[in-house]
Structure formats: C-alpha cells, structure tokens
Amino acid sequence: MDDISLVEARRDHPDRLRPPTSAGKPRSYVLYDTLSFICVLALFVFSAYALVLELRASSREDVDAMELTIHAFQSAAFAYTGFLAASNTFHWTRLAAVQKGIILLILWAVYMYCDVWPLATYSRTPADTHEGIILWVKVSLLTFAAVVLPLISPRRPPPGIPVWDATVDQTASILSVVTYAWMDSFIRFSAKLHATNGKLEQEQLPPLPEERHVDYMVEASYKYVDPIKAEVDDHKRKRWNVAWGLLWVFRWEEALMGTMVALASFASFMAPLSIRHILAHIENGPDGETIRPWVWIAALLLGSMTVSFAMQFYHYVSTTVVMRTQAVLTQLMYDHSLRMRAKTSKAKSTGKPRPREAVSIAKLISAAVGRILSFVPGTAQAKRAHPDEETHEDMPAINNLVTTDLKTVTDASTFLWLVFLETPLQIALSLYFLYQILGWSTFVGVAVMVVLLPFADWLNDLARKYGKEKKQQSDQRVTLVIQMLKNFRTVKLLGWEPEQASSVEAKRVEELKLTRKINVTQIWMNFIKTFIPLLVMLASYATYTLVMGRELSASVVFSSIALFEILRAQLGFLLFRIPILIDGKVSLDRINRLFRESELLDQLSHPDQGVVPPYEQGEDILIRNARFTWTDTGATAHLQDNPQFCLNVTGEVRFKGAGLNLIYGPTACGKTSLLMALLGEMHYMPAGADSFVFESRSCARGIAYVAQEPWILQDTVRNNILFDTPFDEERYKKTLHACALGPDVEGWTKRDLTDVGERGVTLSGGQKARIALARAVYSHCPIVLIDDVLAALDNSTVMLIVNRCLCGELLRGRTVVLVSNNVAVVRPHADRVFGMLPGGIIRSDETCPDKLAEKCAFADNLLGDASSFASSTVVESSRSMSDVDSPTKVFAVDAWEAIRLAEDVPSAIPETIKACRSVQPKDSPRASSWLLVLTNMSAHPVLYWLLFLGALLLSNLVVNAQFWLLGYWAKQYSHGPVSSVSVSWFLGLYSALLLAATISDFASRAMHMSGSLRACAVIHRKLIQSVLGTTLRRLEQTPTSQIIARCTGDIGAVDGQIVPFLFTLLDYTAFLVVRLIMVMVVAPVFTIGVAVVAIAGTICARVYMAAQRPVKQEEAGTRAPILGLLNTTLAGIVSVRAYGVQERFRQQMYGRIDRWTRASNTFFNLNRWMTVRVDTMAALFTVSLAIYLTYFAKLDASNIGFSLSMAIAASTKVFEWVRTFNALDLAGDSLDRIEEYLEFEREDELMGSGEHGYSKELAEFESQNPDWPANGDLEVRDLYASYGEPEQDPIALKGLSFKVKAGERIGIVGRTGSGKTTLTLALLRCIPTNLSSYFGSRFPQMGEVLYSGVSIGSLDLPLLRKHITTIPQNPELLAGDIRKNLDPFSEYEEPELTRALLSAQGLSKDDPRAQDGLKLSTKISGDSDLSAGERQIIALARAMVRKSKLLIMDEATSSIDHATDERIQNSLREHLARDVTVLTVAHRLRTICDYDKVMVLDAGRLVEFDKPAILLAREDSYFRRLVDDSPEQEREALYAAIRRLG
C-alpha cells in the first residue's frame, strides 16, 4: 500500500510530514489505531459470546474443562489487547504496541494451526467447526488485526525523531518498506520529469534520514574508526584496523543482514520441494500425499516472494551500510589528509612483488578465512599479517584510496554473509534434499563435480592472473594517456603526436592481448560451468537408473534439476566471490596503511608541545638554531638516491613584525622550504639548547600564503579572492587595484564573476599569480608569506605590485615575508633582507658578504610575460578586450574607485552561479554512437551478426532440449516395464545434446570475443587520433580532466561494460525467448499470460528506466565534486592549513558527500523497487501456470514439470534482463561522449596539411629531403594570425615581415599583449594564420614563412614541429626520470644526454658542482618535485638534445637566478651549432643585451627590428623606453652592457 496517500505530506516538501493545525498526531496514525481497536473489540465480543455459549452448554452436558479454559484465556487476551489498543489510540507507546502485536500474532498462529491448516490436508478437520460462522469471522478479524493492519500501518519514526521531521521511509508501513511502495510518488514524478525533458534537482530527491548525514555518522563513528579521535598511542596506531571499528558501528545492521540471508537460503528450497510434490500428486493422485496440491502451489509463491523480499531487504540494508561506510571513510581520509605532512613518503622496496600463486578452491577458502582471522588480535594469522618489522612500500595516494580501494572494500563487504553463511547453508541443504530424492547416486554426481572443479578453479586463477596483468597494463596505458594529455602543449609544440599515438597504441595492443587471454579463459570457464551441471546430472541419472535400478519420474527429474542448479550456482558463486574478498582485504590493508604509517604534522605527532601563546599582530617572527627536514624518518622528500635536504638556521633569524622582509638566493637553495618551515609543514629539529621556532598555530586568524605555483579554485575570480570571507566592496576594489587586476576585470565579459576553469585554465600565469596574491591581500591574516609571485609578471606590473601592494595600505601593519630574486626593485622598500646559500643555509643580509649581496642585487630582472606560454593561447582567445589593438588600455584603470564589478555592469552578471550544477537528463544514446560498436565488430557486420545470433539461439535451444529429453525419458517408465526403456539410447542422445550445447555456446562466445576486441581497438584508435589531431585551442578550451575521462573512464566503460553487457543482454534475450516459447508450446492458452506479463513488465521497465536515468546522472554528477574537492585540497593543502580554513573545507566535504549519498540512496532504492515488482510478476506468472497445469490442463507430469521448470527459470532472468538493458543504456552515454570527441575539428584541415597528410609517416619527406633543414634561415612575409575565427576574434599579428639569418640570436620584447607569444605559436602553426588556405581568405592577404628555404605552410605539422624546438616559461615534465624527459622515445645515446643536461646547467663534466646538480637518474613524479628553475633547465637540455635549427625560448630562464642564467647563456653560445637560429621572448633585458638583434612588437605589429645598440641610441625607440622603465641600478647596467657589446 502506498503510504504517501495515507500520511499527510507537507506542501513545500512531499517527502516530509506536515504538522496539523491543532495539536495531536497525524490522522493516519489515529485511523489505524482506531481500526485496530475496533477489530480487537469485535474479537473480544465474539470470544466472550463463544465463552457464554460454552458455559450454557456446560450446564446441560459435560464439557471439557480445557476448552472452557482456552475460551476464557482467549477472551482475557482479547480484553488485554483491547485495553492496549485503546490506550494507543489516545497515547501511543512503543512497549504497548509491541505487546499487542505479539499477543495477536500468537493467537493468529494458534487459529491457523488448529482451524486453517487442517483444510490443507486430506486427513484432518478444523478443531472449532462447532462455532460455525463465528469461527471464520474471528479468523478473518484476527488476520486483519494481527497481520494486515501491522503490514499496512505507518510506522512510528525512530526514538528521538519527531514525527513531523521524519522522512517517508522512516514512517512507511512494513509492506511499503518491503515492496518499496514509498518510492512510488518519486518514481512517478521522475518519470514525468524525464518525459517532459525536465532536469532533476538535488532537492527533488527523497531526503536522507538524519542518521545517514555524514556529520551525524562522523560524530557516532569517529571514536571507533579514527585513531586520532580514539586517542591511541603510536604503538596502537601502527596496529590500527578500521574494519573492527566499522563492524562495531554497524553491528545491528550486520546482524539483520545475516538474518535475511538465512531466511532467503531456507526459502529458496521451497520451489524444488513444491515441484516435487505437485508432480507426485499428478503422477500418483492423492495416494501417498497428505497435503493438498494448492498448498504446494501457495508454497511456490510464498517461497519465491520470501526469497525476493528477504534478499532485497538484505541488499537495502547492505547498500545503506556501503553508502554510510563510503561516506565515513571518504570523510575520514579527507580529514586525515588535512593533518598529514605535505611531502611525506616511504622508501621504496627494492624487491619485486611476489606473483600470486596458482591455488585450488580449498586454498582460496583457507586464504580467505586466514585473512578474515587476521583481523582478530592475538591469532597466529594476525601475527603473520602484522609483523613487527616495518614494510617499506610507497604510501598509496589518497585519490586512489578514495576511488578504487574504497569501492573494492565496500564491494567485498557485501559478500561476507553470502560467502560465509549463504553458500555453506545452501550447499548443505542441496545435498540433503538431493539425497532424499536420488539416494546415494547424488554423491556420484557430486563426485564428478568435485573432480572437475579443480580445472574450473585453475581457469579461475588463470583469469585472475591475466586480470592482474591486464590491470597493470591498463594502468600503464592510462598513465601514459594522462601524462600525454596533461602535457598536451609540449606534445603539440614539439611535434610528438605520431610518436605519442604509437606509444599509446602499443600499450593498447598489449592490453587487448591480455584481454583476449582473459576472454578465452572466461570462455573455457563458461564452457566448464555449462558442461559440469549437465555432466553431473548425466552421471547421477545414469547411476540412478543403471546401477540402482530405479525408475525416473517427472517429480524426481525436475525437482533434482532445480536442486542441482542451486548447488552449481553456489559453487560458481564461491569461485567468483572469494577473489573479491581477497582483493577487498588487500585494499583494506592499503587504507589501514594510510592511518598507520602516514606522517602527521609535528603538532599532531607531538601533541605534548604544550599551549602556544597567541601571536600578536606586529610581533617579530623568530627562528633560532633550528634544522628542518621534510620527514622525521630520514627518508628523502622525493628521491631515494638523493641526500636528505636539510634547512639549517644557525644563530637567530628575526623577521620584522609589521614590515616587509625579503628573501633571495640561487635556484634550489631552499627559499620555499623556509616558508614551509614557518608554516609548520617541515619537521623541526632543535640544533641547540636555546633552539626556538615560530609556531604557525599561534596565529589564530591564519597566515596568508601565496605559493610559487598559484593555487586557484575552480570558481569565479571573486570567490577565489574572497575565499569565503565577508564581501567588503571598498576593500575588495582596493585589493583589485593593488594587485593590478583592474584592467583584467575590465576585459572579462563577466567581470569578476568570470569562471576561471579547472586549475585556472582560462587565466595566464601572471593573472593566476595576481589572483592568489589578491586572496592574501584581501584577507585579514596578520602574516603574509609570498613565494616569488613577481617572477610571473612583466616589469611594469612588477612596479605596480611593489608600489600599490607591497608598500600599500592593505599590507601596512602586517608582517610580510617575500621570496624573490627581484632584489633591486624590492630591496629599497624592504625592512629586512635575508640571503640564502646552497645547502639550505639562511643568513641575514648584514652577515652576507658584500659581493654576494651585490651579485644577488644585480639579479633583479624584468620577469615574465603575463601572456606566458602556459596559457596565453587561452587568455588571448577568450577575453573580449582587444589588448593587442590598444596597448594603452592595459593600464587604463588608475584608481580603485574606477573599477567596475559585475554588479556595476548588468550584462556581466551570469543568470545562475551554482557550485554544483544539476544534471540535465539526456535521452538514450544516439543510434550512431551504438554503430561505433556494432559496425566495427567485423569487416562484414551483417554476416557476423547473423552467424553470432544464430549460434546464440542454437545454444539455448539445445540446452532446453536436454531438459525436455529428461522428462520424456521419465515418461517412458509410465508406458511399460523398466526393461522396455532403453537407458543407453537416452544416455547417448543426452550426451550428443550435451556436446552440441557446449560447442554452440563456445562458438557464440568466441565470435563475440573476436568482434568485441576489434571494436574496442578501433574505437580507442579513433579517439586518440581525434584528440591528438585536433587544434591546440580545442585542447585548451576543453578541461583536461574531461579529455582524460574520455580516454580512460569511457574507454574503460566500452571494454568493461558495454561489450560484456551487450553479450549478456543478447544471451538473456535468447534465454527468455526460447523458454517462453516452450511454455506456450506446452500450454498454448498461456500465450495470453506471457503477453500480459510482457506488457506489464515493459510498462514497469519503462517507468523504472525513465526514473533511473536522471537519478543515475545526478549520482554520477555528485561523485565528481567529492573527488574535485579532494584533489583541490590536496593541491593546495599548504594554503588550506596556512589560512586555517580546514573546518570550512570539511563542511564543504560534508555537503558534497551528503549530496552523493542522497542520490546513491535513491538510485539503489530504485533498483530494489524494480526487482520486487519483476519478481512478483514472475512469481504470479509461475503460480498461475502451476494452477492451470495442475487443475485444468490434461497433460502428463513430464510436460507439466518441463513447463514449470521453464517458467521458473525464465522468472529468475526477467529482472536481470531489465537491469542489464538499463545498465547498457546508461553505459551508452560513454559512447555518446566518445562520439562527440570523434567530431573534433582536425588541425591539419584547419591549419593546412602537407602533401603527405597528417597520418603519413614522416620518413617519406625526410627520405626525399635528407638534409632539411640545412640551416636556421627564417624569412617571414606578411604574417597574420588570430586565436580564433578572424571575423570573431581580433587579429593578434598584423602583417609581420622580417628575415633572420642562420645562426643569429634574436630577442623579442614588448609589453603585455603585444604578440610575442603569439608569434611563436604562429611559427609553429598552432593558431589560425594566413599560411593556411582554410583561413587565408579571411585575413587581409596571404602570407608565407620560409624555414631553411621551404615554406612551412606546405609541411606536415608533426614534421614542422619536429624541427623547431620551443622552451616555454612553465615547462611541463613527464613522470619518470630526467632521462625520459630528455629522450622520451629512446632515440639518443646516454653520453649525449648527459652532455646536454650539464650544458643546460652551465656546467662541464669536470666541474665539481656537477656532483650536486641534476642527473639523468633523478626521479620525477610530477612538476612539484622540482623548482621552476630546475624544470626550465630540463627543458633547455631537451632543446639541446633535439638539435633543431630553430630554437624558440619563451622566458625560458625567468625562474632561474642570475648566476645560473649567465652560465646557461654562455653554455648556449658554446654548445649550439653556429647555424642554429635562436628566438628569445624576454623581459629580462639583461638576457638579450648581447643578442644580434632585438625585435620589438606592439599591438601585434613589428615596430622595431635592429641591433640593441642601434635601438638604444634612438631617443624615441620603443626598446629604449623599455630599458628606461627598469630600476635605476638595472638601467645603468643595461646601458653599459649594450654599449660595450655594441
């Protein structure tokens, strides 16, 4: 019954109750309590009346005193329950309701046994027939009061929850809970929403009960699962196991799950027993049967419904536990990440992991039991699982733990009761009942099964072995794809597309080879699973007839078939589930390692440090005689073979409070580490008795921190700056003005409400740095730590930042510590200056030698270009302001009052800004996307599908023919003596059918395997080619995470979901069609029944799928924000802790987890809703067929048994078919997304393609032109370029013409937005230019660029980029080692690589400093492992290795100190060939002062191009203005250097 119609609902929220206008409880409760009272009162009246009649009869004749006593007891019981019902009507209590229910159930059970059960037998009569009609009135009333009313009455909410605040599932009736009828209103709403193409909002989902909110669960469970909250010591923490805590938290749920599994296990045997007795009644009539056939038919229905309800309730509780477990552990791991040290790791093991042994099923069971026992403290298994010595392996990444490992653990947890209770129980009961039917011949069949199982077990283990290898191969491919896409700019600019595509394709081929092995193994496993049960039945029946000399009958055959199927299924489940449990234990161990071995911050790992006095604003920051390392275990921060970095502070270092403190020093000397030490991120070790260090936790208002790599949230510009602090418009505008963001805000269409994208992808490097600086400036933190923010800014912006920000009013009175090598600009304004030396030694400037101070001072540079290479293409193409057309517009905002925010420009305000957007339901996947799979399975798809479907149908026909043959065999015994039945003939025919079934099944699976592997290979190849072949603009506009998801997650869905689901769906379809047709052949009248069930099932399935699709999409959409927040937090963990906003981020995670839990809860409940209804329809169909065949059909027992077996088998697959179809439909979204990416525009078509086409090998051109390029000659004629369509986006380069001779070094300078980076991209044809015929007509005129005498417009793009090397300002590195970064495709010898790496550092092989420098073996796990300067050195070395005749450097040494830069420039002059042309984009004018020529760009035009000395001599030259804008000391040095060299 639908409780929504019985319980008042709020108008504002249909899933919560609405308080009445007057005091009292809901009317529905009053209604049901009143009905209960009336029924009990009527029962009391009838019982009292019967008692009176008995007393009157006793006065006339002898009456048994026991009967009088029973009547008196009944009357008293009904009187007491009436009293309880009356009291509940006015004042409900849980105790009274429980007592009333128990008493009524006991009385009902007595009446059922005494008066109803005798009607089901042939020999007994009801005990109270003398009461006449009163008896049946009492039975009806008692059934209604004891059974019906409790089932349909709304439940009271759990204690402590007011009825008006309870959710519908907390107040739904028992019947509504077990049938999920309380979901009906939402399903109707969701289906209607889907039909009208509406979108499902999170608030429209059924609400979560209070106990499922993550904050409630954290409060209730952390004291059991969190070692920090549990306050365990270090020894106990090393033994901590989160599983025991979870088992205790969910102990009642686990007990309920065990009860449901046991109930379902017993009920599953009612079907075979019912079939046996029904068929025995048909064979022999009432003789030998004591129970009427309708009872067994009812038992068939009751057993099926009990199994369905019990298992669905088990899954309901199980999924609830799974969701709550995932929520708790996700939040726990997130909280743990907030207290872990930023750079913590363990030393790697030098040994290789042991391969998994091939084991038998006995060993599998033993291993599983041993692993379970390893949880129990004190057992031998626990001692072996937790040895005293520490294991040395890499600490697993939290991202992987939250995604892969957590899902593996929760998936395994759902099988615990099934493996350790359901399987043993059902195997034991199957053997018992089979023995009752077949006698000892049962054990012959079981012996055959046991003999063959090791082979199946061996295949299973082989499949797991291949699966593990395939997973490793998939991980390698995915890692390569992720690395390729994260470094797509490098791949594009260096022309690595063909090599990268080949590398990925090679990994894919290896992956599919292992997939083929797995599929072949699975085909043999399915062959065995099909062959074993048929062979077991053959052995059992042959023994039963030939050896034991017994006759087969329909009741024996079909009941034993059902029991053999149960036995086979459980043994198959055992092989499937135990490896999942083992994998779950492995993942659980990985999660436990996070809590046991991760290194915590000093304030958590050493909580005995005492209370720290609060920091007073303006107070000095002091460090005295201290040493700092990244770990407290002596392990390296990121390199095992490198010495441990140690930051040494000798003596006293005092940073002036309420002042500006400057830190400078050479590359990789430890400047950033010093800031980390101030933030408490490094491990502090006293270096003396008077050692002291500033405690970051003493600053209650947090510390504002600006990282060298700016940490940008995926949000609007405003929210990035506010960082959840209150909005103060005046302070906000002043902050924008101080950080030189006014012109940027003016240029953005949505002003400061512009979404910056993932990791700030829509921003330039300078914009990201200034937004991160603005966040610190806007905050009210008394301490501000700034790490080299000036390195990403041009000279004019640097001067603005220094004057407006560092010396402005917003930082006045705050303690500022700035790391920068821009000493000349900052030093005049600094209160204190500190120099750092190599080796992590810091000294005050007063103790620093004068020469060092002067040398560092001269290192002041004009740094960076705001439109740096890393993201300039995005910025210049996406912003609407034409900075290239109007250079004076860049600094048009001169006062903070003039800045206009989004509110000041109505058109700039977006219609909606939401943190988590609702998911728009989509229609089913397009037919064209399905054709990607269906048409690529074979070169001749029509013939392929005809053969495949034919084999599939033939396999199912032959299998069912075997069952019919067994029935026909049994029927022969009823037609004559045993000797007339040719057992050998039937056995031979059965064996032939057995062979045909296995061969046809093998053939269909082999054909599908071959076709699916071909389709998977083709789809992956097309996707990689499309991604690598599209434009740089497309890759920059598309979030990298989405491209990665297409190439990894969606390809994985094709491999692991779409392809296997497609076969499963077709197999289920053939299974159902064949069996239903056979039912209709035996009982033609039931064609109507099949049609009715098909129509009802179709309607139900359509409603279910329409409701589930938007819920599934919402569930998928709510999972991503959890991972996004986790990744964002991990990326900016230092900033989060510095600002002291951990609790704020925890609350955000609470909200996101609750949203995901709410959607997941609804999704799982929809599955349960559908399952119950399909099971009910299937059970009713089977029971209707049983009634018809038993009472109305004139058929023999064999045909009836065959029909019932077919109907029962079909009923078990109906929901599986619906669920598989729905899963395939949902997985088809991956095909849609892949097809969208296959439609990307191709770069070679837009930018122009050479004669050989994009996909041709480069060897053809190189063989025809072996000496090209012969030199670095470069001639540019009338070059125009734009970042988008020339009609829509402004032209960035306007008719550039110049000529560069081979070997010349050209410096390219200009203000922000002048087109410097644009020129480098145009030379590589990464943006639309007038060199392409596609875009040429859209520019004023066609142009031409000649490189070594060849027009680059006629060259293939990979060929062109292969012979031009670009070094960006922010180089991207590949994970691995430096050798891999210099030579990713193994094309060069090691001596050549070593020489290039030393030259890039400005060192020689004999230089003693080379021992401490970068080496080819230096490991790199990411960009954060190395400083920005070190990454630029590696990019320089890579350029030297490539030996291109044209080298383009885009601020390639901006993050390198002056001394190293000078050595690198000298090395370039020495090691580059004389015919190599160098184009250098620079703001460091000192870098290019000795270049042959300087090119000055302004607004996309070439305004000057001559020698530096000549340009400097002109008083009105642009170049001279740039030099004059430099600080005085730098200006004088530049004048002197240029005149001397000129």
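The backbone N, Cα and C atoms fix where each Cβ goes, and this holds for glycine too.
Residues annotated as domain 'ABC transmembrane type-1' in TrEMBL: 255-583 (among others).
Residues annotated as domain 'ABC transporter' in TrEMBL: 623-863 (among others). Summed and averaged per residue, pLDDT over the domain 'ABC transporter' (623-863) gives 77.
The feature domain 'ABC transmembrane type-1' is assigned by TrEMBL to 946-1212 (among others).
Per TrEMBL, domain 'ABC transporter' is recorded for 1274-1524 (among others).
Marked as transmembrane segment by TrEMBL: 30-52 (among others).
Residues 30, 33-34, 36-37, 40-41, 43-44, 47-48, 50-51, 96-97, 99-100, 103-104, 107 of the same chain lie 6 or more positions beyond the ends of the transmembrane segment (72-90) yet place their CB under 8 Å from a CB of it. The annotation transmembrane segment is assigned in TrEMBL to 72-90 (among others).
Residues or ranges marked as transmembrane segment by TrEMBL: 102-120 (among others).
Annotation source TrEMBL lists transmembrane segment at 132-152 (among others).
Sequence-distant contacts of the transmembrane segment (255-275), counting only residues of its own chain at least 6 positions beyond either end whose CB sits under 8 Å from a CB of the stretch, comprise 296-297, 299-300, 302-304, 306-307, 310-311, 313-314, 317-318, 321, 417-418, 421-422, 425-426, 429-430, 433, 555, 558-560, 562-563, 566, 1201, 1204-1205, 1208. Among the features that TrEMBL reports, transmembrane segment is placed at 255-275 (among others).
The transmembrane segment annotation in TrEMBL covers 295-314 (among others). Non-local neighbours of the transmembrane segment (295-314) in the same chain are 120, 177-180, 257, 260-261, 263-264, 267-271, 273-275, 277-278, 281, 417, 1168, 1171-1172, 1175-1176, 1178-1180, 1182-1183, 1186-1187, 1190, 1211; each lies 6+ residues outside the stretch with a CB under 8 Å from one of its CB atoms.
The feature transmembrane segment is assigned by TrEMBL to 440-460 (among others). Same-chain residues lying 6+ beyond the ends of the transmembrane segment (440-460) with a Cβ under 8 Å from its Cβ atoms: 358-361, 364, 431, 434, 521, 524-525, 528-529, 531-532, 535-537, 539-541, 543-544, 547-548, 564, 567-568, 571, 575-576, 579.
Annotated transmembrane segment per TrEMBL: 523-544 (among others), in sequence order. Sequence-distant contacts of the transmembrane segment (523-544) (same chain, six or more residues past either end, CB-CB distance under 8 Å): 438-439, 441-442, 444-449, 452-453, 455-456, 459-460, 463, 550, 552, 556-557, 560-561, 564-565, 568, 572, 959, 962, 966, 983, 987, 990-991, 994, 997-998, 1001-1002, 1005-1006, 1009.
Here the transmembrane segment (942-965) has Cβ contacts under 8 Å with residues 530, 534, 561, 934, 986, 989-990, 993-994, 996-997, 1000-1001, 1003-1004, 1007-1008, 1011, 1066-1067, 1070-1071, 1073-1075, 1078, 1202, 1205-1206 of the same chain, all six or more residues outside its ends. TrEMBL lists 942-965 (among others) with the feature transmembrane segment.
Marked as transmembrane segment by TrEMBL: 985-1004 (among others).
As annotated by TrEMBL, transmembrane segment applies to 1072-1105 (among others).
The transmembrane segment annotation in TrEMBL covers 1174-1193 (among others).
Within the chain, the transmembrane segment (1174-1193) has long-range Cβ neighbours (under 8 A, six or more residues past its boundaries) at 179, 278, 281-282, 293-294, 297-298, 300-301, 304-305, 308, 312, 1079, 1083, 1085-1086, 1089-1090, 1093, 1096-1097, 1100, 1200, 1203-1204, 1207-1208, 1210-1212, 1214-1215, 1218.
For the transmembrane segment (132-152), the residues of the chain that approach it from at least six positions outside its boundaries are 1, 32, 35-36, 39-40, 42-43, 46-47, 49-50, 101, 104-105, 107-108, 111, 115-116, 126, 173-176, judged by C-beta separation under 8 angstroms. Counting same-chain residues at least six beyond the ends of the transmembrane segment (102-120), those with a Cβ under 8 angstroms from any Cβ of the stretch are 40, 74, 77-78, 80-81, 126-129, 135, 138-139, 142-143, 145-147, 291-292, 294-295. Away from its own ends, the transmembrane segment (985-1004) comes close to residues 523, 526-527, 530-531, 534-535, 538, 542, 948, 951-952, 954-955, 958-959, 961-962, 965-966, 969 of its chain (Cβ-Cβ under 8 Å, at least six residues beyond either end).
Long-range contacts of the transmembrane segment (30-52) within the same chain: residues 6, 24, 68, 71-72, 74-75, 78-79, 81-82, 85-86, 88-89, 92, 100, 104, 131, 134, 137-138, 141-142, 144-145, 149, 152-154, each at least 6 residues beyond the stretch ends and with a Cβ under 8 Å from a Cβ of the stretch.
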